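J.: Annotated active site, proton acceptor per TrEMBL: C:Asp127, in sequence order. The ATP binding site annotation in TrEMBL covers C:Gly11, C:Arg72, C:Tyr73, C:Gly102, C:Asp103, C:Gly104, C:Ser105. Per TrEMBL, the feature ADP binding site maps to C:Arg21, C:Ala22, C:Val23, C:Val24, C:Arg25, C:Arg154, C:Gly185, C:Ala186, C:Asp187, C:Lys214, C:Asn215, C:His216. Taken from TrEMBL, the feature Mg(2+) binding site applies to C:Asp103. Taken from TrEMBL, the feature substrate binding site covers C:Thr125, C:Ile126, C:Asp127, C:Arg162, C:Met169, C:Gly170, C:Arg171, C:Glu223, C:Arg245, C:His251, C:Ile252, C:Leu253, C:Arg254. Here TrEMBL flags C:3-277 as domain 'Phosphofructokinase'.
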Number of protein chains: 4
Amino acid sequence: MKRIAVLTSGGDAPGMNAAVRAVVRKAISEGMEVCGINRGYAGMVEGDIFPLDAKGVSNILSRGGTFLQSARYPEFAKLEGQLKGIEQLKKHGIEGVVVIGGDGSYHGAMRLTEHGFPAVGLPGTIDNDIVGTDYTIGFDTAVNTATDALDKIRDTSFSHGRTFVVEVMGRNAGDIALWSGIAAGADQIIIPEEPYDIKEVVANVKNGYLSKSKNHHLIVLAEGVMHGEAFAAKMKEAGDNSDLRVTNLGHILRGGAPTPRDRVIASWMGAHAVELLREGKGGLAIGIQNEKLVEHPILGSAEDGALFSLTEQGEIVVNNPHKARLDFAALNRDLSN
Amino acid sequence: MKRIAVLTSGGDAPGMNAAVRAVVRKAISEGMEVCGINRGYAGMVEGDIFPLDAKGVSNILSRGGTFLQSARYPEFAKLEGQLKGIEQLKKHGIEGVVVIGGDGSYHGAMRLTEHGFPAVGLPGTIDNDIVGTDYTIGFDTAVNTATDALDKIRDTSFSHGRTFVVEVMGRNAGDIALWSGIAAGADQIIIPEEPYDIKEVVANVKNGYLSKSKNHHLIVLAEGVMHGEAFAAKMKEAGDNSDLRVTNLGHILRGGAPTPRDRVIASWMGAHAVELLREGKGGLAIGIQNEKLVEHPILGSAEDGALFSLTEQGEIVVNNPHKARLDFAALNRDLSN
Amino acid sequence: MKRIAVLTSGGDAPGMNAAVRAVVRKAISEGMEVCGINRGYAGMVEGDIFPLDAKGVSNILSRGGTFLQSARYPEFAKLEGQLKGIEQLKKHGIEGVVVIGGDGSYHGAMRLTEHGFPAVGLPGTIDNDIVGTDYTIGFDTAVNTATDALDKIRDTSFSHGRTFVVEVMGRNAGDIALWSGIAAGADQIIIPEEPYDIKEVVANVKNGYLSKSKNHHLIVLAEGVMHGEAFAAKMKEAGDNSDLRVTNLGHILRGGAPTPRDRVIASWMGAHAVELLREGKGGLAIGIQNEKLVEHPILGSAEDGALFSLTEQGEIVVNNPHKARLDFAALNRDLSN
Amino acid sequence: MKRIAVLTSGGDAPGMNAAVRAVVRKAISEGMEVCGINRGYAGMVEGDIFPLDAKGVSNILSRGGTFLQSARYPEFAKLEGQLKGIEQLKKHGIEGVVVIGGDGSYHGAMRLTEHGFPAVGLPGTIDNDIVGTDYTIGFDTAVNTATDALDKIRDTSFSHGRTFVVEVMGRNAGDIALWSGIAAGADQIIIPEEPYDIKEVVANVKNGYLSKSKNHHLIVLAEGVMHGEAFAAKMKEAGDNSDLRVTNLGHILRGGAPTPRDRVIASWMGAHAVELLREGKGGLAIGIQNEKLVEHPILGSAEDGALFSLTEQGEIVVNNPHKARLDFAALNRDLSN
């Protein structure tokens with residue numbers, strides 16, 4: 001390939017810029033040309049496409065968010081949108097595209113693949129819930145931000161002898177809650193992948209105070225379970241009589257300068273995406289498994305390791321969905337005594 | 001005086017530990033003995049008082065919260081509580097006390113003063129709303145934490161072309177909102193000390209997007225105006241049609257390692273409190289005005305510069321309450337164009 | 001004035017970008033045009049001047065360094081350079097200039113003033129050693145960075161029972177050493193403005209270990225006294241037998257995202273510089289004294305409050321040079337016991 | 001086992017406290033007793049051993065350094081010291097010991113193993129150069145600190161158009177240099193595991209400036225190659241004529257609050273060490289390989305996966321020493337164009 005493009009799609013994640021920079025720099029070092037696409041698939045369909053050079057990405061490595069911007073674009077789920085997008089790519093002489101984002105972005109890449117247009121997916125989301133990879137770009141930064149906030153809240157929690165429920169992002173996956181909870185020494189971590197008993201939660205709080213082993217109590221709650229206020233209400237209903245407060249870390253988890261780990265992973269994956277396209281390979285998603293770069297077919301059969309399969313009715317089946325670290329949930333129970 | 005005590009009261013603030021350390025170390029360097037009182041006035045009345053030495057405060061300078069803990073204790077508003085507290089102090093041989101906290105803490109110090117027990121107040125609160133001082137211990141740290149969060153939210157705001165309403169602490173004072181808003185380049189800052197017109201707020205948002213000068217919009221809202229969700233609802237009612245999100249920074253603003261400035265100010269004030277007590281002076285609150293240490297009578301007449309006066313009915317009058325930096329509000333309007 | 005320019009000169013300092021942004025945005029809000037000058041006086045003389053608009057400064061508020069870049073340019077000390085620079089300014093229709101930097105930058109502004117060209121100086125240096133101001137843009141950030149590093153070094157110092165000499169920037173002024181030293185709980189702070197006795201320094205180290213009150217020892221040394229290695233050698237000569245290490249924080253103190261305080265101060269000063277030029281006032285340097293904005297004539301008599309006077313021989317006399325906070329040096333001695 | 005002990009040895013690393021906490025908490029949750037040993041093997045031989053409970057480790061998770069302190073103790077290389085140490089352990093009823101540290105610490109654990117005393121090693125060092133593991137406790141934090149410093153230095157480097165040589169720790173391994181260099185977008189990374197040609201280094205600098213693609217240049221140098229000053233001198237000798245500066249990050253890389261990743265890894269490994277001892281297993285070192293916990297015999301044959309073997313002459317052979325990520329070195333060359 002002579003000319004490729006790169007876009008970011010879905011929720012922004014720290015390290016997306018580092019990945020874009022790697023795609024651009026690696027492509028140039030391979031003698032290829034590279035274009036940026038603004039606002040994800042929306043910009044692709046609208047033709048909001050522009051050339052990028054090495055200098056154009058020289059200040060973005062350490063910056064949060066995505067300078068290419070992102071946007072939701074449900075129209076790309078329809079055939080018309082897809083064909084229009086591919087037409088625009090061809091008009092700009094683009095032979096392959098790197099898509100950085102989460103599930104929705106991968107679905108878009110899957111459609112490009114269906115139509116025979118070479119696309120390579122990179123997992124970019126703070127939630128760490130993408131199939132085919134142990135780590136996603138942005139996860140490490142989000143865990144750092146969450147842990148930093150939890151450390152701060154612990155100061156107040158201790159000073160006032162309070163119980164805190166702290167809600168962190170994670171609609172389907174408890175990974176941010178688990179990692180930041182262990183890192184901050186949370187007394188309890190509640191995640192969507194594991195059942196909990198509200199009476200036991202309340203009993204744990206009570207026992208901590210009674211045994212004098214704790215003067216405060218920190219509960220980390222993944223958003224996918226329910227909102228913090230609702231969880232606190234359930235606790236009160238179940239008999240909690242501690243001085244209970246709720247904080248929702250909300251959108252601060254999305255932004256910020258990426259951690260070195262996210263920058264390195266993004267750089268590594270971004271460069272590899274170019275290598276695949278250079279060899280003419282598309283329809284693949286890059287991941288990190290066992291600390292090695294891997295690639296899976298985006299679309300195909302489960303036996304072939306494809307991330308998604310289509311049923312005869314055209315429904316998307318997710319093969320091998322991301323699994324929770326239930327061993328980490330157990331670890332925290334041992335350490336929070 | 002031979003023996004003094006120190007307590008923290010009200011909401012915790014980063015730098016309280018630095019102030020306690022300074023009180024302890026300075027007292028020791030002056031040949032005095034010093035005790036810590038746990039959980040503020042509650043601990044005073046209960047006699048939860050213990051000796052402190054130089055080594056006992058050697059690891060707390062950089063830690064958020066207050067290792068002496070804090071507590072609300074409405075009973076100290078009553079005569080009985082006050083007398084009981086003084087009795088406990090005397091029982092422990094304590095001749096003077098340093099009180100670190102906000103308004104409520106100062107009221108307690110005022111009562112001790114009324115009863116002739118020497119107390120010196122230090123302004124410790126993130127809100128910067130204490131009378132008699134330009135800066136309170138904890139304010140600089142809270143502004144740093146808020147700005148850091150706003151910088152992160154801006155990443156997402158830019159990446160998605162969104163409008164964000166970010167609520168920051170500040171029930172009576174907009175200082176955190178103003179300083180962090182200017183620091184983060186907020187497009188609008190809404191504070192309790194200044195009226196606003198919701199139609200104008202919405203028009204500003206609209207004009208920013210229309211003029212293409214902005215692709216996103218950041219509004220910093222002090223909690224004293226109303227909650228973020230309510231404000232966003234008002235904006236929608238007034239015709240806002242942007243992609244609007246709300247985040248409440250909540251309790252993360254209270255904790256965290258104090259900034260150097262908070263540590264230095266706390267150290268400076270804490271040492272000075274000991275100097276006053278050593279000279280037998282009580283009934284005073286220490287502040288920083290024009291970058292110099294000042295002290296004001298806690299209770300007395302406005303002419304004498306006292307922070308509080310009592311009416312004949314016994315009601316507390318606040319002389320010269322803290323004023324908002326309306327010049328900073330105007331400055332931000334000039335810079336957010 | 002209709003059109004002004006802004007430059008940064010001398011060593012870069014965090015917050016310079018915030019000041020440039022404020023100059024640009026405020027000028028625009030006053031209906032003026034504004035240009036940037038690259039690489040300080042060098043760019044002025046070479047005519048490296050370009051128009052700036054509001055959007056052009058929209059991402060720089062939180063960024064360290066100076067996007068206008070800076071450069072040493074000794075040629076501006078000569079008449080020829082000065083006249084050439086003014087010629088360039090006039091060629092670009094520029095009627096006034098804002099100069100952000102340290103001592104050398106102020107000397108340049110003084111020369112412009114001599115030639116009748118309106119210049120306003122803003123104090124931008126991490127060293128806090130500029131005449132006519134209590135605080136310089138960049139100082140707060142440098143203190144934060146230094147304190148953060150000292151906190152880290154203390155971890156190792158404690159873990160190994162070591163003595164550390166940590167050198168921080170400050171050729172003439174011990175301000176960074178004093179503030180960061182107090183903030184980090186340094187055992188000793190050595191600054192150029194205060195004599196020290198190396199035997200006493202070593203005795204303090206020894207006594208700390210002997211008395212068992214300390215298991216480690218942290219000495220903060222301002223670069224203006226001597227280099228850390230040399231100081232350590234002197235200590236060893238004077239009989240120190242502790243496990244002694246040296247670290248020089250070096251250039252990390254110059255960079256980094258400015259603290260909110262530096263951003264606010266820079267914004268406040270930058271906007272005020274435009275107000276002065278708008279009123280046709282030049283030959284002034286802006287400072288903060290007693291937490292208020294002040295302006296002093298750059299050149300004139302000491303009685304008129306001018307920063308600099310010229311002798312009959314043309315030598316520059318600094319009136320009221322920056323003074324060290326010797327009270328802070330004493331404070332730290334009390335608190336490091 | 002009923003009673004175990006834990007010690008930290010060698011250079012301190014962020015996360016050692018988290019590992020100690022995990023050992024203590026996990027042991028208690030398994031019904032075992034646990035002791036801390038102060039100052040590594042020195043404290044073991046001197047019997048500086050004390051009981052630890054859950055509350056005693058409740059505030060250390062987020063703290064840098066090691067609260068158990070560390071010390072060099074060459075006497076433990078001798079038989080006499082080893083036997084004395086084991087005697088002390090037995091005197092305190094200790095049946096197994098967890099050793100957290102680097103190479104030297106592992107050698108000590110090997111000796112305990114030789115004498116039949118159950119020891120489990122955890123890799124704790126910022127250098128990431130321990131055999132039998134992909135990651136060491138403290139590495140992620142050191143990379144974060146180094147990257148943060150490099151980001152700051154880049155601000156100044158850009159502002160002044162300078163070349164910087166930044167020396168980072170890493171006597172044998174270039175891992176810190178590689179990860180932080182990629183993360184900070186270093187123009188060149190020089191590590192001990194890869195040869196370099198000083199003429200090529202200088203040519204790269206020159207070409208960057210000539211091609212106008214770079215206005216500054218950042219070289220990250222691992223300490224194991226040579227010191228920064230020496231490298232800069234070699235560059236000058238080889239014809240570099242850029243404005244060249246040197247900074248040595250030095251000891252700030254050792255300290256600081258551990259990153260969440262280091263806290264999680266340390267917690268995970270610490271808990272697993274207790275599981276091994278509980279099952280009566282000793283003579284093992286825990287590592288992370290392919291994101292899974294693994295354990296290797298500390299002493300034995302290479303075929304059995306042992307970390308160390310002893311020759312007939314008693315010399316220590318390191319099997320499978322840590323390997324540099326030469327792929328990352330190549331990656332950075334592609335991205336720094």
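Note that Cβ sites are derived from N, Cα and C of the backbone, with glycine treated the same way.
Please treat TrEMBL annotations as automatic predictions, because they have not gone through curation.
Buried or exposed, and what's around them? Tell me for each listed feature.
T.: Under DSSP, C:Asp127 (active site, proton acceptor) is assigned to coil, being neither helix nor strand in the three-state scheme. For C:Asp127 (active site, proton acceptor), the number of other Cβ atoms no farther than 10 Å from its own Cβ, over all displayed protein chains, is 27.
The number of other CB atoms found within 10 A of the CB of C:Gly11 (ATP binding site), across every protein chain shown, is 24.
Note: C:Asn215 (ADP binding site) has non-local neighbours C:Phe158, C:Gly161, C:Tyr209, i.e. same-chain residues 6+ apart with C-beta under 8 A of its own C-beta.
Shown in sequence order, C:Gly10, C:Thr125, C:Asp129, C:Ile130 are the residues of the chain, 6+ apart in sequence, with a C-beta less than 8 angstroms from the C-beta of C:Asp103 (ATP binding site).
DSSP assigns C:Arg254 (substrate binding site) to coil in the three-state reduction, outside any helix or strand. Non-local contacts of C:Arg254 (substrate binding site) by the CB criterion (under 8 A, 6+ apart in sequence, same chain) comprise C:Gly11, C:Asp12, C:Ala13, C:Pro14, C:Gly64, C:Gly65, C:Ile126, C:Gly138, C:Ala142, C:Met169.
The average pLDDT for the domain 'Phosphofructokinase' (C:3-277) in the predicted structure is 96.
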J.: Please list, in sequence order, the residues in the chain of C:Arg245 (substrate binding site) that are at least six apart in sequence and whose C-beta is under 8 Å away from its C-beta.
T.: C:Arg162, C:Thr163, C:Phe164, C:Val165, C:Ala232
J.: Which residues does C:Arg21 (ADP binding site) neighbour through Cβ under 8 Å, counting only same-chain ones at least six apart?
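T.: Spatial neighbours, sequence-distant, of C:Arg21 (ADP binding site): C:Val57, C:Ile60, C:Leu61, C:Ser267, C:Gly270.
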J.: Within its own chain, what residues at least 6 apart in sequence put their Cβ under 8 Å from the Cβ of C:Asp187 (ADP binding site), listed in sequence order?
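T.: Residues satisfying the criterion: C:Asn204, C:Val205, C:Gly208, C:Lys214, C:His217, C:Leu218, C:Ile219, C:Ser336.
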J.: If I take the alpha carbons of C:Tyr73 (ATP binding site) and C:Val23 (ADP binding site), what is the distance between them in whole Å?
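T.: The separation of the Cα atoms works out to 23 Å.
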J.: Can you filter C:Tyr73, C:Thr125, C:Asp127, C:Arg245, C:Ile252 (the recorded positions) down to those whose Cβ is less than 8 Å from some Cβ in chain D?
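T.: The recorded positions close to chain D are C:Arg245, C:Ile252.
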J.: Hey, which of our recorded positions C:Gly11, C:Arg25, C:Arg72, C:Asp127 end up with a Cβ under 8 Å from chain B?
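T.: Out of C:Gly11, C:Arg25, C:Arg72, C:Asp127, C:Arg25 lie under 8 Å of chain B.
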J.: Far apart in sequence but close in space: which same-chain residues, 6 or more away, have a Cβ under 8 Å from C:Ser105 (ATP binding site)?
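T.: Counting only residues 6 or more apart in sequence, the Cβ neighbours of C:Ser105 (ATP binding site) under 8 Å are C:Thr8, C:Ser9, C:Gly10, C:Gly40, C:Val99, C:Gly121, C:Gly124.
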J.: Would you find the one among the binding-site residues C:Arg25, C:Arg72, C:Arg171 whose Cβ has the most company, meaning other Cβ atoms within 10 Å?
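T.: Answer returned by the neighbour count: C:Arg25.
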J.: Using C-alpha positions only, work out which of the recorded positions C:Arg25, C:Asp127, C:Gly185, C:Ile252 is nearest to C:Gly104 (ATP binding site).
T.: C:Asp127
J.: In which DSSP state, out of helix, strand and coil, do we find C:Arg245 (substrate binding site)?
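T.: The three-state answer is strand.
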